Amino acid sequence: MALERDLQTDPPCHPRACAIQNCLTRNGFDEAKCTRYVDALYECCQAFYKKNGDGATTVSCPKASLLRLKMEQREKGKQ
């Protein structure tokens with residue numbers, strides 16, 4: 001997935017959010033099979049907030065502070 005392209009969609013990061021939903025549907029809502037799509041969305045959201053500031057909003061992303069918390073939790077879960 002091309003990050004710059006996904007940042008420019010309306011709303012930003014929307015293709016990556018849709019990819020999660022599609023993956024969950026294909027896999028009987030087994031979240032473990034869709035982690036790469038969640039990681040990709042969080043990558044896009046992180047870039048979105050870096051570019052637009054923590055006060056920016058898009059329906060595709062959690063708020064900036066929650067995004068950071070979720071990313072930290074996911075990283076700890078990988079250890």
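Including glycine, each Cβ sits where the backbone N, Cα and C put it.
If you look up TrEMBL, you'll see Cys13-Cys44 (among others) marked as disulfide bond. Using a 10 Å Cβ-Cβ cutoff, Cys44 (disulfide bond) registers 26 neighbours.
TrEMBL lists Cys23-Cys34 (among others) with the feature disulfide bond. Long-range C-beta contacts of Cys34 (disulfide bond), restricted to its own chain and to partners at least six residues apart, with a cutoff below 8 Å, comprise Ile20, Cys23, Leu24, Asn27.
Here TrEMBL flags Cys45-Cys61 (among others) as disulfide bond. Under 8 Å, Cβ to Cβ, and six or more positions away along its own chain, Cys45 (disulfide bond) finds Cys13, Thr58, Ser60, Cys61, Pro62, Leu67.
Counting neighbouring Cβ atoms within 10 Å of each of the disulfide-bonded residues (Cys23, Cys61), the lowest count belongs to Cys23.
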